[in-house]
Amino acid sequence: MIHFTKMHGLGNDFMVVDGVTQNVFFSPEQIRRLANRNFGVGFDQLLLVEPPYDPDLDFHYRIFNADGSEVEQCGNGARCFARFVRNKGLTQKNKIRVSTSSGKMTLRLERDGSVVVNMGVPVTDPSNIPFKAKKVEKTYLLQTPVQTFLCGAISMGNPHCVIEVDDIDTVAVDEIGALLTRHERFSKGVNVGFMQIINPGHIKLRVYERGAGETLACGTGACAAAAIGQLQDKLSRQVRVDLPGGTLHIDWDGEGKPLWMTGPAEHVYDGQIQL
């Protein structure tokens with residue numbers, strides 16, 4: 001039997017598994033079965049806590065999408081990861097350092113229950129997103145058989161494409177998201193954000209996640225939208241991001257500096273399941 005915890009960050013829901021005290025391995029097929037909301041646990045992503053690969057760090061953080069694919073980063077998951085390792089007694093620290101497949105992160109538990117995450121420095125170099133472009137631009141043209149889109153491209157440890165829209169409620173997120181998430185210029189696929197700017201310190205956002213479809217919230221997507229909006233001179237240093245599942249707060253001092261995300265992490269229930 002595998003012991004797990006169901007958690008969510010603004011409705012972006014996770015199955016979190018302790019791989020420190022349990023010996024666990026998940027095949028892509030098992031993950032897809034567990035992710036099924038009718039026949040399994042049901043989740044957007046599976047988060048696996050592993051012992052650190054580096055003695056200077058506290059844990060290694062792995063993320064699997066509902067389709068079984070392993071991905072580099074998940075911001076909402078990072079907040080739940082921090083809450084999980086404290087709740088389970090895996091650490092007594094309030095400041096937790098973890099590695100992911102794309103780098104290192106610092107997670108900080110606040111007294112009010114929120115979690116602050118140092119998401120690292122946003123990556124704009126196309127070759128490191130990865131995105132096919134000759135040079136860094138504030139906006140890029142993405143051509144599809146249906147229409148051409150104007151977007152920003154950035155990596156927050158995972159690739160993001162952000163499109164500004166006039167009305168977040170009427171945009172065809174599923175159709176456009178499915179069209180762009182596998183666009184040929186993004187060799188590893190891409191998460192697609194749809195951003196409506198309310199004012200320089202406030203945006204509304206919906207995100208079509210690579211391998212998961214539209215979710216109620218996407219932490220790295222919120223970070224990507226805030227960073228791209230600032231790089232395009234449309235947003236301020238501190239941005240409130242309203243997602244369908246709730247609100248995140250993003251702080252960024254600009255290029256070359258780490259970006260900080262603050263938001264909630266909620267425990268839903270503990271369970272066990274036979275693989």
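Each residue, glycine too, has its Cβ placed from N, Cα and C.
Taken residue by residue with DSSP, Cys74 (active site, proton donor) is part of neither helix nor strand, so it is coil. Summarising the annotation, Swiss-Prot assigns active site, proton donor to Cys74.
If you look up Swiss-Prot, you'll see Cys218 marked as active site, proton acceptor, on the strength of sequence analysis. In sequence order, Asn12, Gly75, Asn76, Asn191, Gly193, Leu205, Val207, Glu209, Leu243 constitute the residues six or more apart from Cys218 (active site, proton acceptor) in its chain with CB-CB distances below 8 Å.
DSSP assigns Arg210 (substrate binding site) to coil in the three-state reduction, outside any helix or strand. Taken from Swiss-Prot, the feature substrate binding site covers Asn12, Gln45, Asn65, Gly75, Asn76, Asn158, Asn191, Glu209, Arg210, Gly219, Thr220, and the record attributes it to sequence analysis.
Contacts of Tyr269 (site 'Important for dimerization') defined by a Cβ separation under 8 A and a same-chain sequence distance of 6+ are given as Thr5, Lys6, in order along the sequence. Positions annotated as site 'Important for dimerization' by Swiss-Prot, on the basis of sequence analysis: Tyr269.
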Nearest-integer angstrom distance between the alpha carbons (Cα) of Arg210 (substrate binding site) and Cys74 (active site, proton donor): 11
Farthest-apart CA atoms of Asn12, Gln45, Asn65, Gly75, Asn76, Asn158, Asn191, Glu209, Arg210, Gly219, Thr220, residues recorded for substrate, distance in Å: 17
Protein Cβ atoms within 10 Å of Asn76 (substrate binding site), excluding its own: 35
